[in-house]
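Novice: Mind looking over this structure? Questions follow.
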Amino acid sequence: MGKPEIGTTVVVDVPATTANLGPGFDCLGAALDLNNQFQLKVLEGGAERFELIIESKEGSHLRGGPDNLVYRAAQRVWREVGMQPIALEARVQLAVPPARGMGSSATAIVAGLMGANALAGEALGKEKLLELAIDIEGHPDNVVPSLLGGLCLTAQAASRRWRVVRCEWHENVQAVVAIPSIRLSTADARRAMPKQIVVPDAVSNLGSLTLLLQGLRSGNGDLITDGMHDRLHEPYRWPLIQGGSAVRKAAMDAGAWGCVISGAGPSLLALCPPDKGRAVAEAMEKSWEQEGVQTRALPLKLQSGGSRWRPKPS
């Protein structure tokens, strides 16, 4: 397969995601209308050259080089299609901050896969890109909705094939995400969890997930409230989030049906009626700032289109 011309640029828009939504640990996630944009430009040079330009203070600690997640994902595509690796520059408009539980690493993986596939003439289909994304990330709950959009339930069948179900999200369900200035790595959040679970906790989560999905489908707030309870990961992660319990209470007092940890945290996700969205966001911001934590809380819509790429005119 031929190498694209030097200077060829593709632009990839990748949405933020919120994962788990309480009981859907490592299988349920939703894309939200907050995007990272990646401009991937072909450079002169060999496979070890990857330059990274972040247009945000949030990502000032991120570095280029061959070990960068965007480039590692791109190389997976090129290996699959038998194409020689390309030197790249990535210019990133970063709206989804890293280490906040909003799927920032998933945006990097998906951007690398989609951008590299575009430069390879879209040689791989979406199902293969999904498989690669899950393999790189290690779990599907962020990368799948980031790639496909919407609310996605993903499970590995007995055949080892990944199965994705696009679930309904009623228009009367508003998501509010509070993003604090503090960080929490996914690795630290996973280390806090027990190595084994007990049967009653597993049964409880199965029931909660069923109620939650039905509540999201129908817009029934009572079902959402009952369905957002988790016993597998949240009890062990709340203590890691400074002021998190107070923020959750503030969201509920302002009219939220439920408030859970977004992904591994520390961002929090509240679900509420649309007319309560602004009040819930303001309550969450105020509560966290009373704890000394700068916070940005946003009412966000479900992003149903997933990631998109386009060529940038030269």
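Backbone N, Cα and C define each Cβ position, glycine as well.
These numbers come from a predicted model, not from an experiment.
What Swiss-Prot lists as ATP binding site is P97, P98, A99, R100, G101, M102, G103, S104, S105, A106, T107, and the listing cites sequence analysis.
How about a rundown of where these features are and what they're close to?
Specialist: Note on A99 (ATP binding site): other Cβ atoms within 10 Å of its Cβ, all shown chains, come to 21. According to DSSP, A99 (ATP binding site) sits in a coil region rather than a helix or strand.
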Novice: Does DSSP put T107 (ATP binding site) in a helix, in a strand, or in coil?
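Specialist: For T107 (ATP binding site) - judged by DSSP and reduced to three states - the answer is helix.
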Novice: For S105, T107, listed as binding-site residues, tell me which one has the smallest number of other Cβ atoms within 10 Å.
Specialist: S105
Novice: Between P97, G101, G103, which of the binding-site residues has the fewest other CB atoms within 10 angstroms in the structure shown?
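Specialist: With the binding-site residues P97, G101, G103, fewest surrounding Cβ atoms within 10 Å: P97.
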